[in-house]
Structures are given as C-alpha cells and as structure tokens.
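Student: Let me give you the structure first, and then I'll get to my questions.
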Amino acid sequence: MAENEKVTYGGALPPSPSTADTEVAALARSMTNASRSSVYSPEKPDGTNPFLGTDDPRMDPLSGKFEPERWTKAILQLQSSDPEGYPHHTAAVSFSDLSVYGYGRPTDHQKTVGNYFLDIPGLARDILGRKGQRIDILRNFEGVIRESEMLVVLGRPGSGCTTLLKTIAGETHGFWITDNSHINYQGISFKRMHKQFRGEVIYNAENDVHFPNMTVGQTLRFAAEARTPRTRLPGVSRSQWAEHMKDVVMSIFGLTHTVNTKVGNDFVRGVSGGERKRVSIAEVALSGSPLQCWDNSTRGLDSATALEFVKSLRLSSKYAGATAVVAIYQASQAIYDLFDKVVVLYEGQQIYFGRADRAKQFFIDMGFECPPRQTTADFLTSLTNPGECLPRPGFEGRVPRTADEFAAAWRNSRDRQELLQEIERFNDEFPEDGEHLEKFKKARKLIQAKGSQSPYTLSTPMQIRLCLKRAWQRFMADTSNFLTSVIGNFILALIISSIFYNLPQNTLSFYSRGALLFFAILMNAFASSLEILQIYEQRPIVEKHKRMALYHPYADAIASVLCDLPGKVIASFAFNLVLYFMTNLRRTPGAFFTFYLFSLMCILVMSMIFRTIGATSKTISQAMAPSSVILLALVIFTGFTIPTRDMLGWSRWINYINPIGYAFESIMVNEFDGREYACGDFIPTGPGYTDVPATSRVCASAGAVFGSDVVEGAAYIATAYEYFPQHKWRNLGILFGFIAFFACTYLFATEFIAASKSKGEVLVFRRGHVPLKKEGASEDEEAGTGSTGTRTQEEPVDKDANIAGIQRQVATFHWEDVIYDIKIKGQPRRILDHVDGWVRPGTLTALMGASGAGKTTLLDTLANRVTMGVVEGKMQVDGHDRDSSFQRNTGYVQQQDLHLQTSTVREAMLFSARLRQPHTVPDAEKAAYVEEVIHLLEMQKYADAIVGVPGEGLNVEQRKRLTIGVELVAKPQLLLFLDEPTSGLDSQTAWSICTLLRKLANNGQAILCTIHQPSAMLFQSFDRLLLLQRGGQTVYFGDIGENSRTIIDYFEGQGADPCPHSANPAEWMLSVIGAAPGAVAKRDYYEAWRGSEAYRAVKEELRQMRENPKPISQESTDALRVYAAPFHVQLFHVTFRFYQQLYRTPSYIYSKIFLVAGSNLLIGFSFFNAHNTIQGLQNQMYSVFMGLTVFGNLVNQIMPHFVTQRSLYEVRERPSRAYSWVVFMLSNVLGELPWNTLAGVVLFFCWYYPVGMYRNAEVTHAVTERGGLMFLLIWQFMLFTSTFAHMLIAGVDSDVTGGNIASLLFSLTFLFCGVLAGPSGPNAFPRFWIFMYRLSPFTYLVEAMVSVGVANAPAFCSDIEVRHFEPPSGETCGQYLQQYMSVNDGSLANPNATADCQFCQQTTTNSFLTGIHSSYAHRWRNFGFLWVFILFNIGMAVFFYWLARVPKGSRVKKQK
C-alpha cells in the first residue's frame, strides 16, 4: 500500500507532549539499551511491532494474558524513533463565563383532540421566531482541563451535567451559548473545532444504538477501519491496523468472547445489556478522539466493569494525552479516586471546580460533615439536596443551603481565584489560532487519507466502500426480509397470474390486460415501501457516526442503494417472470425484457421517492399520513382508473409528474403496439345477425372500425388511454431523470436533515390543571422537572409526612424449602435451592446476591408470577396456603416503570384503586385513600401531571414513586414486593426511594426488596437480609444489625477476612461469598449456613409459624375472587381509560382523520361529479375501489397502539389481577368505536358528495335512504378495519409481523372482490377461486356501495363510447337493431337514419351493475353479511388472544 510508509498511533492513542513526553523519552532510552535477555520483564517491552504479531502473550490481545499498559508503551517506543513522522494532537479545553440557555416553558399542557388547534397561535409564534420564555440552564461556568487530565462531573439529574458535556462537545441542538462565553480548545476556537475538526471532540450518550444483526467484531472492526490513519507503523496495512485495534479494545473491555455474537437490541437476541454498553464504549475508544465527553456511560454496568472502564480512560489519558470529561451518577470511591479534577453542579450553577482530592476537604472546611462510609462522590452530590446534607456541629446556621448561596460561596473562595489564574495561564499558553492550531492541522493531515476533506479520516470513495462492506454484512446477517420478499412476491405472482391465467388473444381480454398490467406496475412500484421504515431504524446509528466523523451520511446512503440493488433485481425477476408468462402477455423475448426493464425502472424510481420521504421527515408519524395521500394520488393518476383524457383540469399536472404513469404507458404500448386482436364481441350479435355484412356490425371495443373483424392494439390504447407508441422510449429517459432527481434529494436529505431531537424535560399537565406558578429546577436534558427563568430551591424531603391512614398489614408471609427447576435446552437446571424466609409487617427485608443468583426469580416465585417450570416448597400466609386472591392482595413494584403515557399521576392511582380494592369499598373512600398515598409519596406538586414519556413528562424518580404508589393504593393486605427499585437511579434518588420504603415499613408495611450493590448508607436502611449465592442457594437470612454489625459478625465467625472500617459492608459481604467480580470465596457458604446455629433458629421459627396457624377470618366469597371488581365495572373503567387515552393522543386521531379526509377528498375530486357514461360509471366503481386502499394504513395505525396497551397489561396489570383479559380485548375494540364513527362521518362527506353519487339517488327519490345506507356501509368499513386489525395483532408479538399479515390478506380480499376480475363473464377468474370471491368481505362491501351509489339511474355514452356502423341496405337503424335491443340494453341516437347508426350500449346504470355482478336488491343482505364479518373479527380476536397469550391454567408444576 503506497500510503503506508509511516504510521501514527493515529486515532487510537497518540503520545502526550507534556508530562508523559519525559516519561516516554526516558522509557524509550531504557528500552533501546535493554538487553535481549530481559524481553519478558514487565517494565521493558522488546521493541517488536505488535501489529505484525508477537510471541509475548502480554502483547497479544487474543492471548488472555494481554497487558494494555505494556502494549501502549511498546507502541510509544516504536513511534519515538520518528517524532516528526508521528505527530500527535491533543485537545485540552478551558472555558470561562460559560452560560447556556434555552427557550420553552417549565410546564406544558397536554394536547388532546379538543385543544389541539388552540396551539396554532403558539405555533405561529414559533414560526415567527418568538421562542417563548428564556430558561437559563448553565450560569457562569469556569474551568480548565489539560491534556492527560480526567474530570468527573457530579450533580443530581436536572442539575445541568448533560448540558455541560454537550456544550463542551459542541452538540448544542435545542439550546444556545451566550455571546460572552469563551471556550478555548488549546488554541482552537469553538466554531473552528466543531466545523473543521468534528470527531476530535465527541460526546457519548448513555443510549446504546448499534445495528442489532451485526456481530460485536464487525461493529468494532468498522469503527476501527473508519478511523484508520494514513500513516501507520512500517509494514502495517490498513486491514492489519483495523483488525489489531479491534482486538485490543475488545480485550481491554472484556469483549473478546463476544466477537461472533450479535450486538442485538430489545427485539433481536444478542449480547447482554452490560456488554452492549461496553461495545458503545469500545466504539468511541476506537475513534481516538483527544477530547471525549462520557455521559452516564456506566449506567447498567456492575461496579467492577465500571471501574475497568474508567481505568481504560486513565490509561488513554496517561499515555496518549487524551482528555476525558465524565458524568457519573453512582461513583464508587475507587472510581472517584482515578479522576484528577471534579466539578459539582447545583441547579445549573457551579459550586466547585478543582482537584478531586481537595473537593471533600473544601466542603468540610465550609462546615459540612461527611458521614462514615459515605463515598466522596455521594457526599459531594448530597450537598445539593437540602434534606440530606449535614452541617457540622456549630455550623448549622452558617453553611449555604440554596444553589445561589453555594455558588456565592464558591465565587468568594480562594480555590476559585486559583482556578481563574490557571485558566489565564492556559489561555496565554494556547492563544486562539496560534502555533498549536498549525500542529493540530499537521497531525490531522498526516492521519487523513489522500483526498479526504476534514473532518473525515477516509476519502469519500473509501467511505462508500467501507459502508458497502457493512451493508453486505448486515444483509448476510439477516436474509429473512429478502427471502420473505422473494418468496412472497413469487406466491403473489402465482395468485395474480392464476386470476388472469392465459388471457385470450381477443378484444374480450382488453380490460383484463389493462387491469393486470396496472396491478403489476403497482406491485413493482410499492415493493420498496418498507424502505421508509429501514431509514428510521438506521438513522440514529448513522447520525451517531456522523457526529464521530466516521463517514458522510450520504456515503452510507449510496452504499445502501447499491447493496439493495441485486436483491431488488432478483425479487422483481421472481415476480415479473411468473406473472408475464402465465398470463399470456406478449410472448417474445424483446417484449418481456422491455416489460421487465420498465418494471425495474419503476421500482428504482419509487425506491428513491420512498427514501426521500423517509430522509426528509423527522419522525415516522410525520411521514405516514402525507405519504399515504401522495401514493394514492400516484395510483389514481397512473392513467388506468382515470384515463388521461378524463382527468379534470385541476389535477392533470399530477399525471405529468407521476413516474408510475410513464412506466404504465410504456408497458401498455409494449403489450398492444403492433398487434391485432380478434373481435370477441360484436354489435349487433345473436340470432338474426349471423349473416350480416361486415360493414353492418362493429366490434364492441374502443379503437374498433366498422367493417373490420380485428382491432389494432395501437388504436385501442390511443382511443381508450391516449397512449402512443412513440412515447415508449421517451418515457425511459424521463424515468432516468426521475431517478437522478430523487437520488439527489435523498442524498441531500440524508446529509443535512437530522431526526427530531427530544426537548429538555418538562412536566405536562392537563389543560386547566397547569399550576399557575411553577417552581422547579434545571431544564437539563437528562432529567428533572422543567425550570423557569428564575430558579427557586428544591424543598427538602419531608421525612415525617403523615402516614397514619395507610393500610397496615397484619399477616406474616413465610416460605420454606422453596425449589424452582426449569429445563434449558432440554437439560434440567435448578434456579432456586431450598430457600427459607419470612417477611413480617413493619420490616424492610433486602434480597441480595450475585448477578444470576435468582433474586428476581425468587421474587416472581413467591409472588406466584412464574409461568413455567417446577416449583416445590411451602409458601404460606400465617400458616395457610396462598389462595386465589393472593396476587390481588400483594403489591409488586417491577423494575421497569410501565405506565400509560396519557394518564395523570392521580388518574393512574385511581384506576388501580378502583379495580384492585374490594368492590364493596365506596368510590369516595378509594379516592380519599389515593389522596393520602399522594401525600405520603410527596407527589402533590405533580399529581395532575401527565405520566408522558421520558423527556416530556415525569422524570425517573417521579416515575418510580408512581410505580410504588400504584401498588400502595391497591391496599395490598399481605406484603409489597419490589424488584431493583434503585436500579439506574442516581445516588440521591436511590436514597430518597429507600427513605420512602423505610417510612412505609415503619407504618406496618411488610416489604421484600431486591437491591443490587447498595451503598453503605442505603444498606443500613434495611432490617433484614436474605443473601443468595449463584445457584439460588441461601448463605444468610437474618438481621443486618446496627452498622451492619450482626451480619459482619456472622461472616467473620465463618472465617471471612475482617471487614475494614471504611469498607461498604454490602460490597464486602458480596466479595466474601465470591459474588463480586474477580472475588473467590474461601469456603462454601451455603454449606456453612446449613450448618450454622442461625439456620436452625430460622427453621424452628418457620416450624412454629407452620404448626400454629392464625385462625382464618370468615371472608366473604368476594374476598376470595381472582378480580376485586365485577366484570361490568372492569369493562366500564378500562374502556373509559382507553377512550380517554385516544382522546389525549391527537396525533393518532388526527392522523386517522387526515388520512381518511385527505385520501377521500383526493378520490372525490379526482372523480368529481362523475357522469353515468360507461367510463363514468367505471370511475364511480373505481372511486369505491380506491377508497378501500386506506385500509392498510388504518390497520398499521391501530396495531402499534394495541401493542403498547398489551405490554402494559401483560407485564403489570394482568399479573396483579387488576382486570381480566376478556375485558382488555373488548375495551380495545369498544374504545375505538367513537373515533371510527367520527372517521366514518368524515369519509362519507369527503367522498360521497364530491363523486356525485347523491345525484343518482335524487333521480330515484331515495336520497335519504340511499345516503343513510351509504353512511352505514362506510361506518361498517371503518368498524371492519378496526376489528380486523385487532384480530390479526391479538396473538402476534410484533406490529410489523401483524402489518405484513394484514398486507397479504388485504391484497387477497382486494384482488377477489370482483372489480379487477369477476366470477363470470369475459373477465372471469378460474372457478377454483370462487371460494375466495365469496370469502372476501370486500365483495359484499363493494357490491353494496356501488349498487347503492349508482342503481336505477339513467345512463348514456360519451362521444368516443358511441359505436358507429352501417345498417343493411333498405333498413333504418331502428329496424335493423330492433331484435338486438329487445334482449340487450342500449339506445340509438338516430333510429330513423339509413346510414351511420350511432349506438350506445347502455340506457340505465343497472346494466353496468349486471356486468360487474352487483344488484341493488342485495344491499340489505350485504349489510347483514358485513355485520357477520365484524362480529367474526371480534370473536376471533378474543380467541386468538386466549390461544396465544393467556396462560392456560398454569404451566407451573407444583410439588409438595
């Protein structure tokens, strides 16, 4: 490789020029002079190039003995031989007077169907640039982080941590930096850094977005290749560099074993959540950016892995000069001690910036006390919670309390003066646009490929090649979509071809040939419609990689198009080959390949259009409704349903810009031009007309000439469609033009239009319930309530709230010898092994253990929530077995905070109280109890706030409190289970949740709570502990004791090493039993427990409870019911809640209304006031037919809502026995009813009157009856659509799968409804398919709507529909046709003429109805049939849900 003479450490770990330089120089000298005999000494690498292979296992990342520090020193030694050839670049940063602000409201009102349009003035203000109220997010920040330094950012959620990191990284979407703010990246200005050198300063969010079907190795290899430098170590190719760097980061982050495992996501099985987090970290590490901002990147990692992550940053800083800024919400002392500097944030203000080892003493000197065993990070963060910080004795009234007071104290401190001096020295050393900028540019230039433009490392062709390779890997990893597409297209082609099988070579096939080619071109055109969804799936990943400067988004777009091309060719060939030859289209090679060429061109044009729609819209819901109307317009104005001649003047332009129209014209010309078709039907014909001269009859087809037995194909398409042979190849050029235009718009949109970003969090209230004066904290993006322009301080936690009214529990729940076995891959596996314990009222019991020890499984088993496996053992309440009401009488707070997004806090709790408290309790009493719980949980300020989604609604802590509240208001009579209530929370929020649990326990609640590695202070909140080791084996059950003394004494008595005074007893205890990563137990503590005195005391206590049961109170049968509320009460509340949810989701309702209104207004005005000519009546039929096409979009709107409802029900509400599954299914159907009725009304007025069918009713004096029946039929169509959607999705996991099934079934019902082909006549499909014609609900709907719309009205012919012929000599036209007209409908314009007879084939619309197998007499029969279909859908929806998703009895085998 020519560009391979030299190499820098490049994107990976460039050497540092400051303190590390001296170290490296000395290191290099000592290594160079070292003797060969010492090559394996840990301090002295041997000078070999690890990229080219090495015998030293400590330098080989795949050896299992890899030492990153030794490897790093070896690279630096090699590079030190040519400092000019391997220049490095660093990006330290200083900032002063840094203030950040946004615009918005601290609270917002909830949008509903009723108030949606009241926000139009606000929208107008936004458009005019009036941004609303200014909100200060960060105020007057100052700091400096030099190269090789690490800064930890501490603060509660909402304090501004995320905003500070984003500001440093230049990701300022949604907020603004004040003009007087100054940021200096070591001599590079803020603007220049983020324009020219994007990717050198990067921000890593806590979300993990990757392509789920790619393996970990492929994902990281891609990142390594994208940042491979041009100058590398001698002899190292690009491929070797990328492969070795991938291996190195995988070894550092413990991912080597996952190299061939898919990354996965919530829907695709792959690596674990913690491993996925490490993949994200490794990907950023490979970018080698000199300044890295990490936002809560340790969330989801255990403490050992989090420590390894921070150690890897330390290594990068020490030897590469990298600068790291890290926000961590729960930092152990070991993690904190790795940082050089710390900044503490309090409500958007800086209250400390300086050395990490001085911060604690700074605040102690200020007058605060750090409790024993509290980590420094927790101590610093606790200062920002007035209810938690502790003044030292004598300092109670002198320490700062509010954010403003803390900020003032910091500004007046000596530490701050020293910081200002340091910033000044830094800025003097690195003036903007000075010497360091030139060094930085030079280093970047050496790294970049030749021809690459900053800020990307690779040139554009190299980026495209790399993205193409990745696209192929993604395709090979998941070929299911491709194979489904090919097989599905093949089967659909067989079905369509069988309907039009072997068309005759006469004029009777004209309509069928046109319909077949129309359907074929539409199937080709819409084959790429799912590409919109694909764009949204990969968009977050592409945008992330753009921020990391890995590649241009348009490079990925080009690669995606190229990779999809072979698949499109194969899938379309499978479809078109079968369809073309089975149906007897023109059988010549040239004709087939011309047909295929235009079909393929249509696919490519529409692919570009779909991609453009996806790339230009910011959200998927934004894309759906408008694109549906646009696509419908393309279908209507193709030229088949409305020939170009009949298109109304206002809409003719749509055909001119319609690529499908040009493709359709060319394949019609290809089929008909240059061919003659024998006439299949003459006028007149029949008895008495067999021997008439040729000039006295004419073929009943457009383009016919009297006197001829054949019709020229070119004449037919010219007359019927105004299509001309000379346009065929012209249209190909036009299609190429469309492809080029939409390819450009697609590439432009991918490069410049970003997906919508979330706002900073604000509370959302119902309109009329917004607090008049909202006081809150910061509007930082990671959490928190919204803020106003002025900040007021948060109230301290009320630790003594009145809780007297809360339900007290009196029963003790106890379990003995609980065993749980399941089969994994056919092999039995024990998850729980003889677990004993109890929970008494008024106690808080912690359930702890190693990851995989069975904590959640034990909770599920005790709560009677496991659905498979074998459970053994005794689980009793006061000595009695659990009854059918057990699940209803226990509260279970799950780890996931699942709530209905549109409910308010109060409504969510009322719903739980009404359905889970006994039915005999008056509603007023339930409401009063809810208010008590709201007060207890300190939720008064946001009781009327909408739950919402993260970003717009409750924050993490508020959601957790609501989850607990929903269970409390159910008045659980037995106990409360909690699964990881502090998981993912910052330390202060975790503390407030544990304080709340303590408060509940003090009030008599019995609580069993799993908790993962709590801090020493959190651990002390609990009374008792049940500790499990791997395999579900108990190693301790008993009291914790004051300062954990009891449990420490127990384990020390069993031979454990003494617990250090400063250690966290919870972490010490886990390491003792070998549950902490890397720890090994000295003995089997399960056996030690079984042989201990404490174990015998537990067994004795359990025996006493078992043998002395408390007397059972004489409960009513109501108390033992599975559900507290009767069926009708459940149905009322659940249906009302679902109706309310839809009312509060205006985007769903209005997109439904817009879809229905837009589509049908388009149809109505496209077929405006259709006349009762032959073509006009066809147009009226097509207006019904086209109206059915909204079916698919309506179904796809309903399904995702159902899946959301179902996940909430199945995960939280069904296990707690709130209401039955039948109620759930019926409420979903009934809740849609009002909105479907409204949509039906809109559809009726937007379609019925513009098309002009009411005029046919006027003639028959049945305006009211026919108009009313038409509305009822439309209403039935809406109900059928809704119930059909519920039937399909009821038993299916994914709305995507349900949508695919719906599309297939819709295509079949659409094909067999009798419009494109019928059961008899010239357009008849084979008799085999007659059953589909009778099964299709659209058969009856179309027949009823068309007959009600056009029956019993007079009809006539347009000029081109009149057939001309000569009567026999001596006869008038009337005499000649008298016999023919006696048995056939028709009229003569000139019955007395003796030449040029002008005959129209219809006088009444009923003859048209007869031709399409419709009858007005069947209208009420069809109306009844449609109700049968609707009721069948409802019944099958309930049945499928029961069959697929309702546990049948219980699959759990219970053994005593």
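Using N, Cα and C of the backbone, Cβ positions are placed for all residues, glycine too.
Sharing the feature lines straight out of Swiss-Prot:
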BINDING   GLY849, ALA850, SER851, GLY852, ALA853, GLY854, LYS855, THR856  ATP binding site
COMPBIAS  30-40  compositional bias 'Polar residues'
DOMAIN    118-372  domain 'ABC transporter 1'
DOMAIN    813-1056  domain 'ABC transporter 2'
REGION    1-65  region 'Disordered'
REGION    775-799  region 'Disordered'
TRANSMEM  481-501  transmembrane segment
TRANSMEM  515-535  transmembrane segment
TRANSMEM  561-581  transmembrane segment
TRANSMEM  590-610  transmembrane segment
TRANSMEM  623-643  transmembrane segment
TRANSMEM  734-754  transmembrane segment
TRANSMEM  1184-1204  transmembrane segment
TRANSMEM  1233-1253  transmembrane segment
TRANSMEM  1269-1289  transmembrane segment
TRANSMEM  1301-1321  transmembrane segment
TRANSMEM  1337-1357  transmembrane segment
TRANSMEM  1423-1443  transmembrane segment
Student: Going by DSSP, is LYS855 (ATP binding site) sitting in a helix, a strand, or coil?
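Tutor: Where LYS855 (ATP binding site) sits, the three-state DSSP reduction gives helix.
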Student: If we skip the immediate neighbours and take only residues 6+ beyond the ends of the transmembrane segment (623-643), which ones have a Cβ under 8 Å from one of its Cβ atoms?
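Tutor: Sequence-distant neighbours of the transmembrane segment (623-643): 514-515, 518, 521-522, 525-526, 529, 532, 610, 613-614, 617, 651, 654-655, 658-661, 664-665, 720-723, 1151, 1154-1155, 1158-1159, 1162-1163, 1166-1167, 1175, 1179, 1182, 1185-1186, 1189-1190, 1193, 1196-1197.
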Student: Any contact between the transmembrane segment (1337-1357) and the transmembrane segment (1269-1289), i.e. 3 or more CB pairs below 8 Å with pairs at least 6 residues apart?
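Tutor: Contact confirmed: at least 3 Cβ pairs fall under 8 Å.
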Student: Using a Cβ distance cut-off of under 8 Å, indicate which of 590-610, 1184-1204, 1301-1321, 1423-1443 has the most pairs with the transmembrane segment (1269-1289).
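Tutor: Per the Cβ count, the answer is 1423-1443.
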Student: Does the transmembrane segment (481-501) reach the transmembrane segment (590-610) with at least 3 CB pairs under 8 A, where each pair is 6 or more residues apart?
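Tutor: Stretch pair does not touch.
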Student: What else in the chain is close to the transmembrane segment (1423-1443), if you only count residues 6 or more beyond its ends and a Cβ gap under 8 Å?
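Tutor: Those are 1221-1222, 1224-1226, 1229, 1269, 1272-1273, 1276, 1279-1280, 1283-1284, 1286-1287, 1290-1291, 1337, 1340-1341, 1344, in sequence order.
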Student: Count, for each of the binding-site residues ALA850, GLY852, ALA853, LYS855, the other C-beta atoms lying within 10 angstroms of its own C-beta, and report the residue with the smallest count.
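Tutor: Looking at the binding-site residues ALA850, GLY852, ALA853, LYS855, the Cβ with the fewest others within 10 Å is that of GLY852.
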Student: Is it possible to get the count of other C-beta atoms within 10 angstroms of the C-beta of GLY854 (ATP binding site)?
Tutor: 24
Student: Validating a neighbour-count step here. Other CB atoms within 10 A of the CB of GLY849 (ATP binding site): how many?
Tutor: 24
Student: Over the domain 'ABC transporter 2' (813-1056), what does the predicted model average in pLDDT?
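Tutor: Per the prediction, mean pLDDT sits at 87 for the domain 'ABC transporter 2' (813-1056).
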Student: Using a 10 Å radius around its CB, how many other CB atoms surround THR856 (ATP binding site)?
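Tutor: Cβ-Cβ neighbours of THR856 (ATP binding site) within 10 Å number 15.
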